[in-house]
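Written out below as structure tokens is the structure these notes cover.
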Amino acid sequence: MDKFWWHAAWGLCLLPLSLAHEQIDLNITCRYAGVFHVEKNGRYSISRTEAADLCQAFNSTLPTMDQMVMALSKGFETCRYGFIEGHVVIPRIQPNAICAANHTGVYILTSNTSHYDTYCFNASAPLEEDCTSVTDLPNSFEGPVTITIVNRDGTRYSKKGEYRTHQEDIDASNTTDDDVSSGSSSEKSTSGGYVFHTYLPTIHSTADQDDPYFIGSTMATRDQDSSMDPRGNSLTVTDGSKLTEHSSGNQDSGLNSTSRPGGKPRVPEWLIVLASLLALALILAVCIAVNSRRRCGQKKKLVINSGNGKVEDRKPSELNGEASKSQEMVHLVNKEPSETPDQFMTADETRNLQNVDMKIGV
């Protein structure tokens, strides 16, 4: 009996987990020239093989580049990477720093990650915008998974079934990649860091190596005026920003300018020469000021020694006897501001200015 309750408890614990694995939410957008975007469970969780199966379940196929460009010209844009035939792309009409690296047009990503959203193409859809609710997954087959279709207007339709034909996609149903960005509040996604990797050859390596090649075009000039980007990793056909301003309803607020941030502005050569001349003039002015101060800073000092001068400056007495001599010496000195000993220039102007009493004796 205890063993029965033990197994029952384990079954109740595992039941929510099994139910979680059997729930799939598919968020879809309006159709533009038959092309629409599908997001699974609010995150990047669709492999390339599952993308083909999912489009097949919607009675659709992966769109080609031409079909994606046509949808773009009708106003279709998102901020989510998704599979098309042979590429992973974002269609952009309005530039945004967090969407397609601020590019416009069909932005093509080359990356080594494996899970994204997907784009699908329904050939029977109207050529213009079509936002009617999708209520069925016509080509799904029997299965235990609860599949819920979430339309842009919020309506939801659920059914039991399965659309995946590859076992590895079923086994890896919980494997997801990090999100790149969110296009609008209606797209259930979380913003996060993402590094773009380019595999195209470049002549000069640059600091921003997050630029896969880029195609922006209109239907009229799609096959003309192809040119290579100066950095070697962008292919521009025409400017996708010339397309109609009408979009799929998920345009972002606070859009940035279409111009890409370039390198640092170069300093004009004439400004460098002018700065050098000013610096040289300043150095010369300082040198002249210091030299003038040294010349004008000389001081003349008059020193009068009364009675006791230096020994070498004294004159030996020519007088005999006990008479003492007193000498006054006047020294005219050039006082230099340096710390060297004072040098004196001595001039004796008076000698023996005394009355000598002589004793006359025999």
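Cβ from N, Cα, C; glycine included.
On a predicted model such as this, the values are computed, not experimentally measured, just so you know.
Secondary structure at N27 (N-linked glycosylation site), as computed by DSSP, is strand. The N-linked glycosylation site annotation in Swiss-Prot covers N27 (among others), and the record cites sequence analysis as its basis.
According to Swiss-Prot, the domain 'Link' annotation covers 34-122.
Secondary structure at Y81 (hyaluronan binding site), taken from DSSP and collapsed to helix, strand or coil, is coil. Annotation comment: Swiss-Prot describes R43, R80, Y81, Y107 as hyaluronan binding site, evidence class similarity to another entry.
Sequence-distant neighbours of N59 (N-linked glycosylation site) (same chain, six or more apart, CB under 8 Å from its CB) are N122, S124, P138, N139, listed in sequence order. For the recorded site, N59 (N-linked glycosylation site), the DSSP three-state label reads coil. What Swiss-Prot lists as N-linked glycosylation site is N59 (among others).
If you look up Swiss-Prot, you'll see N102 (among others) marked as N-linked glycosylation site, on the strength of sequence analysis. A helical conformation is recorded for N102 (N-linked glycosylation site) in the three-state DSSP classification.
Annotation comment: Swiss-Prot describes N112 (among others) as N-linked glycosylation site, evidence class sequence analysis.
Counting every protein chain shown, the number of other Cβ atoms lying within 10 Å of the Cβ of N122 (N-linked glycosylation site) is 19. Taken from Swiss-Prot, the feature N-linked glycosylation site applies to N122 (among others).
For 158-190 (among others), the entry in Swiss-Prot reads region 'Disordered'.
Look at Swiss-Prot and you will find 158-169 tagged as compositional bias 'Basic and acidic residues'.
Under the heading N-linked glycosylation site, Swiss-Prot lists N174 (among others), citing sequence analysis as support.
Taken from Swiss-Prot, the feature O-linked glycosylation site covers S182.
Here Swiss-Prot flags 211-263 (among others) as region 'Disordered'.
For 226-269, the entry in Swiss-Prot reads region 'Stem'.
Here Swiss-Prot flags 233-260 as compositional bias 'Polar residues'.
Among the features that Swiss-Prot reports, N-linked glycosylation site is placed at N256 (among others), with the record citing sequence analysis.
Long-range contacts of the transmembrane segment (270-290) within its own chain (CB-CB distance under 8 A, at least 6 residues past either end) are absent; none are counted. Annotation source Swiss-Prot lists transmembrane segment at 270-290.
When the binding-site residues R43, R80 are compared by the number of other C-beta atoms lying within 10 angstroms of their own C-beta, R43 comes out lowest. Annotation note: Y107 (hyaluronan binding site) sits in a strand segment as assigned by DSSP. Ranking the recorded positions N27, N102, S292 by the number of CB atoms within 10 A of their own CB puts N27 at the top. According to DSSP, the secondary structure content of the compositional bias 'Basic and acidic residues' (158-169) in residues is 3 helix, 5 strand, 4 coil. Of all Cα pairs drawn from R43, R80, Y81, Y107, which the record names as binding hyaluronan, the longest spans 20 Å.
N27 (N-linked glycosylation site) has R80 as its nearest neighbour among the recorded positions R80, Y107, S292, going by CA to CA distance. When the CA atoms are compared, no recorded positions among the candidates R80, Y81, S292 lie within 10 A of N102 (N-linked glycosylation site).
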